[in-house]
Each structure stands twice: as C-alpha cells, then as structure tokens.
Amino acid sequence: MWSNIRYLIGIEYKRLRFAYVFCLLFTLLYGWLTAQIALGVDHRGTDSTRLELAWSVIPQDIFFLLVVPTVSFLLQRKMFGVYWKTDMYSQNLQYMKRFPIHAREIVYSRLIRHAINTVVLLAIFFTAYTLGYNAMSDQDLSVATAVSFGCIWLSYALVAGAMFVYWEMMMNGKQYFRLTLLTMVITPLFMIPFYLGTGYSIVHLTLDLARSRLQFVWSGLLLMLAAVLTMIAGVVLANKLQKRDFC
C-alpha cells in the first residue's frame with residue numbers, strides 16, 4: 001500500500017514545476033501583509049470603537065479562516081477554473097480507479113500531500129508574519145509564541161482542508177466550485193455579526209492562547225485532535241470514494 005502512496009505523491013510533486021516558486025513568493029507576501037493588518041488593529045485598539053475596529057479585525061479573521069486551510073491547494077495543478085469548465089479532477093480519479101490502486105491509497109496520498117503542503121507553507125507564512133510583525137511593533141512575538149500560534153492554526157488548517165479534499169473527491173467540478181464560493185460568502189456573513197456582537201477576534205483569541213503559560217499544551221492538544229480527525233476523515237472518504245459513481 002505505502003509504495004503506491006509514495007508513487008502517487010511523487011507523481012504530483014514532479015508535475016508542479018514552477019509552482020514551488022509562485023507558492024513561496026505568494027506565501028511570503030501574504031504572511032507579511034497579514035502582519036501589517038494585525039499591527040493596524042493593535043495600534044488602533046485603545047482609541048477606537050468596536051465598529052471602527054471592525055474594518056480591520058473582520059478582514060483579518062476572514063483571511064485567516066479562508067486562506068490558512070486552503071494554502072496547500074496552491075500546490076495543485078488543477079485550479080478552480082478547471083473544476084468549473086472540464087471537471088478534470090473527477091476524470092482523473094475515474095481513470096486512476098481502473099488501475100490496481102485502491103481508493104484508500106488515493107485518499108491517503110492526497111491527505112498526506114495536503115498535510116505536507118500545509119506544514120511547509122504555513123511555516124513560511126508564519127515566519128513572514130512574525131518577522132513582519134516584529135519589524136514594525138514594539139511588542140515582539142517570541143519564538144515560542146510564534147510556534148504555538150502557528151501550530152494552533154495548523155490544527156485548524158488540517159481539519160478544514162480535509163473538508164475541501166472531501167468535496168474535491170466526492171463531487172463533480174461545478175458542485176465543488178459552488179460550495180467553495182458559498183464558503184467564501186458564509187464566512188464573512190458569520191464573522192461580521194460574531195465580532196460586532198461579542199467584540200472578540202478569532203485571530204486575537206488564538207494569539208492569546210499562544211501567549212498563555214500553557215501555550216504548548218493547547219497547541220499540542222489541538223494538533224493531536226486535528227490528526228485524529230484527519231485520519232477518521234481519511235477512512236470515511238476512502239470508503240465513500242470506493243463506492244462513488246462517476247456517471
């Protein structure tokens with residue numbers, strides 16, 4: 001089984017070519033820009049009303065909730081336009097099922113690639129975020145805080161990303177495209193009343209956890225929970241993919 005999984009992972013990475021350079025530059029840029037947004041929120045925090053802060057806090061939270069779990073999809077050969085026009089991913093899955101490769105191996109290879117991509121790109125993202133934040137702020141993020149903060153969001157990215165993988169493998173291209181767009185609409189619709197009603201920022205709450213005395217306890221527990229949930233998702237998805245009708 002593992003030889004087939006390594007083979008499938010190797011094929012995908014070999015086909016990426018220049019995508020590595022694009023992903024590196026994109027991730028560095030957005031990590032730095034996100035830090036500048038966070039600094040804008042911090043600098044206005046003591047003198048601004050909740051409504052005034054909303055213009056900075058809500059976009060920051062939306063960005064983290066949407067981009068962090070999907071950053072690994074930058075290392076994908078098939079973009080959303082392809083899903084909408086030709087549904088090439090479903091065609092590729094249907095083609096692969098003709099070979100002596102079990103659905104379990106297809107799913108596990110995809111989730112492992114998702115995990116590898118997420119860990120690497122989020123490490124770059126949060127490194128750029130920390131450097132950008134520390135370069136412009138009087139209150140530096142320590143290495144321990146930055147690592148804990150990154151691990152908390154890595155936990156979220158692994159689980160939420162597994163949901164996108166599920167949609168990717170179990171739906172045709174147009175359904176996947178619509179659900180992705182719906183997610184991008186629902187997230188702001190949730191975050192706006194959440195922040196205005198509670199005054200809490202998701203990013204600030206997770207940063208407070210990362211700064212607490214139990215910072216590595218929280219991040220460690222969340223990572224273990226994310227790993228368990230991702231493995232469960234893999235088993236469920238493998239069973240469903242085996243039965244999927246591509247007609």
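Sequential numbering from 1, following the chain as shown.
Note: Cβ is positioned from N, Cα and C throughout, glycine not excepted.
Annotated in TrEMBL:
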type: TRANSMEM; residues: 20-41; note: transmembrane segment
type: TRANSMEM; residues: 53-75; note: transmembrane segment
type: TRANSMEM; residues: 111-131; note: transmembrane segment
type: TRANSMEM; residues: 143-167; note: transmembrane segment
type: TRANSMEM; residues: 179-196; note: transmembrane segment
type: TRANSMEM; residues: 216-238; note: transmembrane segment
Non-local residues, at least 6 beyond the ends, that sit with Cβ under 8 Å of the transmembrane segment (143-167): 64, 68-73, 110-111, 114-115, 118-119, 122-123, 125-127, 129-130, 175-176, 179-180, 206-207, 209-211, 215-216, 218-220, 222-223, 225-227, 229-230, 233-234, 237
Residues of the parent chain within Cβ reach of the transmembrane segment (111-131), under 8 Å, 6 or more residues beyond its termini: 5, 9, 12-13, 23-24, 27-32, 34-35, 38, 68-69, 71-75, 141, 146, 149-150, 153-154, 157-158, 161-162, 165, 230, 233-234, 237
